[in-house]
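Step one of this worksheet: look at the structure below.
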């Protein structure tokens, strides 16, 4: 447990912090002209961090060797799995940004730097095994995220999104902190392992309150109902590349954190939180589906879709088994690919003057004016709806399988029946693009980075994705085995 | 054929053709689609020719562990063989039917049809539960697009209704499948067909599967998506819907509900009978008052499918064989009737029955074909429907005279609405000048209708060709469900079902032994 061992474990985080600081200096000296170069450098930094994370996942590392800084962090296969996903999502958010901001001359060098710091915060979040490390990581990510939401300074919607995100995020942090203090008060320790041991005798009312408040704070971060209200506004207002980022990386981080807290720290009391999680899962699925029906802005629709998807992920958590955790991790990968794909497709839709098209009505007849984007978006939408043979179905399948195997047949039945409501609004997008007469709005040209990401994510969610199920399943199993080592 | 992966090839051909169609112009796409479907037809004939009647239950099996949790496993028995042959037989005809009728976005249209063919073959050939589900559900996407893009006036409503209705039916089945996989520890369909699920759980599982197959079938009262979808879909879409997609429901009952949950099937047979009786009478009466030709045929489909379900749940060989023949025959006949509607719709662009009349004067060849298929739909001896309906009703008669009595009225009512339709369209005076000026069938339309007419007559005159491949599988299924055979209040005191069972009229010498092996 010496310092050297700890430092060796957190090489990715070291690369991110040093890289982020160097890029910050470069940004200060070189100014906004160099923002493209800094973006590229940021992708390199993240790739380097990823390169040091891969062995941890492939080696299936777990156990005492993975503990750093006296149990503050646990750099195991589970953390590595989530980190790689976060790094990939962040790299995508960096790749699509320059072209988008160029339109307003708003591409500034802070963007890549902020993303790098947010990624660092998330890296800490997913490896945290102590309430203190958890909070530091969470806030580090959130502070960067608040600024990113308001990144388009000239756009009042973006400012509103930033402010809303900040105020509600601060509230959630307060709830979380309150829960943490209660937990600390009743457990006498902040380390997950210690909490688990201290509560093994039974859950007192105070500790239960602590648990509920912690879950509520985290539910805000993953945008689960009833703490989802900020999502549509923030997703709509934030610049689309930032929304892409919000919908993917922080969601992965927060879901992983929620898994670690509920399955590790409170792992002995699954019965206590299962009701809460079950309610949040079903409520998210239903509210996400119903809320989306009335939307006419595609970004708001995708926001509700992400609420809906979080509900399905939580079904896996409600199972509270290794299988359930593994299913959630598989779902997360597919969800990230679908989200990146759909937001990039939205990003690529511009009218003749280069303005972004966000209204669903303006997508009318896209299949004739811009068939490639229309087909990709249709497949992504149907994949989000979980219609086979698209890969989104596999995510839902493994989650429901875990729930059924855990004896929660009723939950699975209600959740899957509610998914039909969701299919309705995904079909609506398909209907507008394919059945309606062309509105001839979208006609902007796009650069290779957008096409690459769109096609890559579409191929991933196409039936070809099933070829990856074995590989993905093994990695997820290794990761969730690491998570459940103490259980 | 040895180890040659003919089923995979049959899946691959439409896949490649479909992908190619996306990038081709209208002319090339038509040719590619026709070529691909003809290749698949040739492969389907090869499949039939090489199928070893009386051989192993599952033939042409392929297995590859490509995925986590389930495998790419294909294989067919006689039942699946015939349905696959039906699918590949109808596909080139569908492409021909769309040759001139579809002018917009031809490449995408042909691609959708080829993907549809891939998925239909996949459904019947899948030997893995999850693989089956994926093929089964995936069919919604191309059909949604076919109805929505190339459909009629109310196509959007129809496409939504079709998609959501069938999806809602199917998702519950998925939960049941997941439970079964957890319970039996395998996704292999042949293994699951021998697995004895706890009787208490069977009821729930049966109802979950029933929700899906009853919608697909469709059974009364969840049939309402069908008339909408049929009316709005383009002609070829209707042919595929009636010809093959509806058969997936019946196939599901034969493949899953009956062998996997025999006790529950027996317990709930009353439900099937009740719904089927209502369906036969109610939908036949509804068909009688339709003004839209396609709607009339759609309602007649629901009535015919009810004959299938009573045959299936008669729990005897005649009933099961009859149900299969009705399915095959209905696939041909209703497909042909939709094509007949399509032929005159292409000329006059209306499906209103009153806009036509006296067509036998100016379109005698057309009227001849139309009459043949009308008679086949009624179930005239010599046509395929007669064989199927007779067997199905004969099977049902052994278990319940009342059900048979009610369902036989369907044949009478069927004669009423079909003859009434034919009379209004083909006979009488030529009251509309534009209808009277329509030219007779052209060569392409001959090519579409003549093969189906030949098949209908073949199945009607010599059904043995179609009964032989599936005889052993039906016998195995009958042996499997025999233990749950409910004690029906049969009126035939002298020939109660168990006595009839001892020596079925068409028993094969080794059927008894094979049946025992399957049953335990």
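Note that Cβ sites are derived from N, Cα and C of the backbone, with glycine treated the same way.
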Original post:
Which one of these stretches, A:142-164, A:165-187, shows up in TrEMBL as transmembrane segment?
Top reply: A:165-187
Original post:
What range among A:240-261, A:328-349 does TrEMBL describe as transmembrane segment?
Top reply: A:328-349
Original post:
List, by number or range, the same-chain residues at least 6 past the transmembrane segment (A:207-230) whose CB is under 8 A from its CB atoms?
Top reply: 138, 164-165, 168-169, 171-173, 175-187, 199, 250-251, 254-255, 257-258, 261-262, 266, 269, 272-273, 276-277, 280-281, 283-284, 286-288, 306-307, 310-311, 313-314
Original post:
Per the 3+ Cβ pairs under 8 Å rule, pairs at least 6 apart in sequence, do the transmembrane segment (A:328-349) and the transmembrane segment (A:109-126) touch?
Top reply: no
Original post:
Near the transmembrane segment (A:275-294), which same-chain residues lie under 8 Å Cβ to Cβ, leaving out any that are not at least 6 residues past its ends?
Top reply: 212, 215, 219, 224-226, 228, 232, 262, 300-301, 304-312, 314-315, 317-318, 408, 411, 414-415, 418-419, 421-422, 424-425, 428
Original post:
Between the transmembrane segment (A:372-394) and the transmembrane segment (A:109-126), are there at least three Cβ pairs closer than 8 Å, leaving out pairs fewer than 6 positions apart?
Top reply: no
